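TrEMBL has this to say about the protein:
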- A:12-33: transmembrane segment (TRANSMEM)
- A:74-286: domain 'ABC transmembrane type-1' (DOMAIN)
- A:78-99: transmembrane segment (TRANSMEM)
- A:111-131: transmembrane segment (TRANSMEM)
- A:160-184: transmembrane segment (TRANSMEM)
- A:205-227: transmembrane segment (TRANSMEM)
- A:268-289: transmembrane segment (TRANSMEM)
Amino acid sequence: MAEHVNIERRRQAIYGWLLLSPAAILLTTFAFYPSLATFWDSLFSRETRRRPSEFIGLENYTDLFADPTFLVVVKNNLIYAGVTIPVSIGIALGMALWANSKIPARGFVRTAYFTPTVLPMIAAANLWLFFYTPGLGVLDQIGSLFGLPSVNWLGQPETALWAVIIVTIWKEAGFFMIFYLAALQTIPEDLKEAADIEGASRWTYFRRIVLPLLMPTTLFIMVNALINSVKLIDHLFILTKGGPNDASKLILYYIWEMAFAFFDAPHAAAMTIMVLLVLGIVAAVKFTILDKRTHYQ
Amino acid sequence: MTQPFVHVEDVAKRWNGQLGVENISLSIPEGAFVALLGPSGCGKSTTLRLLSGLELPDEGRISIDGRDVTLAAPSERNLSMVFQSYALFPHLSVAENVMFGLKVRKTPKAERQKKLHRALEITGLLGYENRKPGELSGGQRQRVALARAIVANQPLCLMDEPLSNLDAKLRASVRKDIKKLQSDLGMTVVYVTHDQTEAMSMADMVVLMKDGHIQQVGAPEDLYYKPANTFVAEFVGAPPMALIDSAALPGFGGVEKIGLRAENIHVAETGQGRLSCQVSECEFLGSETFVGLSHPGTTGLTVSMPGLRNIPAGQQMEIGFSDADLHFFDANGQRLNQPQPGA
């Protein structure tokens with residue numbers, strides 16, 4: 001009897017491990033091991049023809065904080081994340097609310113909002129490159145109708161980062177809208193009716209009922225937007241290449257440059273580790289603090 | 001006669017030209033318990049939604065408490081509503097759900113707490129204030145919906161099949177609770193149901209509907225003893241009234257159908273009955289057995305016999321009844337109080 005139970009338990013354990021192993025193997029090979037290897041690499045000096053690589057501890061990290069470009073890039077990325085995340089979420093929510101209401105040509109509106117998401121980032125960047133082109137671009141053409149001077153949006157340090165930010169928001173808002181739209185459709189119609197009977201205004205209904213019920217979606221989108229603000233740099237290659245004068249350079253672009261243009265792998269590794277660390281901390285905060293205040297159905 | 005509390009006059013509502021409800025006229029006195037009864041799709045819920053203001057009528061007028069509210073917003077009508085799905089806010093606690101309306105209306109905090117306490121006390125929910133709806137059983141959720149409806153002390157309460165998501169046993173007890181609540185608080189209740197037991201046992205006044213039209217308005221006993229037409233006759237009662245073609249039971253002039261209830265039929269000795277039928281089925285209910293009978297020209301003929309009976313199908317049975325228990329309907333299915341003599 002007892003033996004039978006033991007065999008059954010062992011069978012269950014083996015079964016569980018078998019189910020876990022594909023994900024465990026893939027994650028170990030392509031996520032955990034590379035992360036650890038990167039960390040290890042970041043502790044060594046750069047190998048040159050004359051000097052072999054040697055262990056230097058955290059020197060690569062201290063170097064970075066002395067590097068003015070790194071500080072500019074960090075500041076750029078903070079502005080970039082600080083603007084693109086809330087603005088694209090706000091626009092997505094607004095578009096979703098509108099596309100979810102009873103309007104004519106609802107299908108068309110939804111498709112139109114979603115189109116930027118379908119485009120590859122490179123294509124979107126090329127499109128916006130045309131919009132921004134001084135003299136010929138759509139923005140300048142419109143501006144000239146009102147007698148405004150030509151502006152080189154991507155070519156001057158004051159506007160380059162903001163021009164890139166706008167492209168990102170344009171691209172992301174439609175994507176996030178889809179999540180909000182799906183979430184809005186799970187809110188039963190009769191909640192609105194119950195609120196109507198009680199005399200709640202549209203704003204009260206939105207603030208007290210809709211917004212809290214959308215919180216799980218908002219949390220999910222926030223994590224996604226944060227990840228995108230670090231990992232999505234395709235458009236930089238087309239639009240500005242990080243310039244002028246590093247004004248629109250983001251951290252991942254700088255890592256890429258460090259590793260593949262300057263061939264300084266250890267410093268790139270050190271930067272990567274710092275990005276991982278910061279993202280990990282933010283994700284932990286979100287999932288521990290915000291999750292507790294979120295209602296899941 | 002005093003002014004009715006809720007007055008509905010010739011109201012119609014259509015969707016894209018399709019019929020919703022039509023010619024709805026109702027007068028509901030204050031403090032009444034009115035049941036809107038009918039099969040699915042008969043327009044009873046539409047009628048309720050027209051009363052609540054969640055839908056606006058295409059024609060006609062609605063007044064509540066002497067005020068014309070035909071086009072008024074739901075919140076201007078001083079009413080509360082219990083939804084079939086309860087429509088509780090899933091992210092808010094029981095207390096927050098019940099107080100939602102009070103907060104919207106900016107009731108002072110102390111008063112709010114007092115009303116909340118009383119509403120929870122009445123519905124037996126004290127101690128559950130901080131639970132979320134997801135942590136409650138179906139019956140408890142139903143009571144939260146009730147508490148939310150009574151907390152503001154509105155004179156009119158609309159209920160849309162509030163018991164349909166409960167199991168049979170709970171339904172019977174909540175039915176009593178609702179009835180008691182209504183008479184204790186003196187509310188006027190309009191109650192939609194497709195369950196005639198609910199309608200007959202709770203209501204002072206039953207409105208039976210079919211295909212968007214009112215078939216009969218009256219006290220439960222009126223619907224049972226004086227059905228206005230063959231639809232009412234066949235809808236109300238378990239088992240419903242049997243209908244006999246006048247050809248099968250000659251002797252009544254100007255009559256198309258003759259109605260007869262199971263309890264008025266008795267089994268007669270061979271050769272002494274008025275109709276000879278074949279037994280088609282037996283339905284044992286404990287204290288009695290309904291014996292279904294078939295006879296050409298009749299529908300739903302059933303005789304109630306005490307105790308357990310097991311009569312094989314196909315056996316001949318003669319039945320008797322007295323003329324006083326017959327109901328007469330004309331060619332349009334409308335009730336005739338007396339058959340024309342002769343013919």
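Cβ coordinates come from backbone N, Cα and C, glycine included.
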Determine whether the transmembrane segment (A:205-227) and the transmembrane segment (A:111-131) share at least three Cβ pairs under 8 Å, counting only pairs 6 or more apart in sequence.
no
Whether the transmembrane segment (A:78-99) meets the transmembrane segment (A:268-289): three or more C-beta pairs under 8 angstroms:
no
Using a cut-off of under 8 Å between C-beta atoms, tell me which stretch among A:12-33, A:160-184, A:268-289 contacts the transmembrane segment (A:111-131) the most.
A:160-184
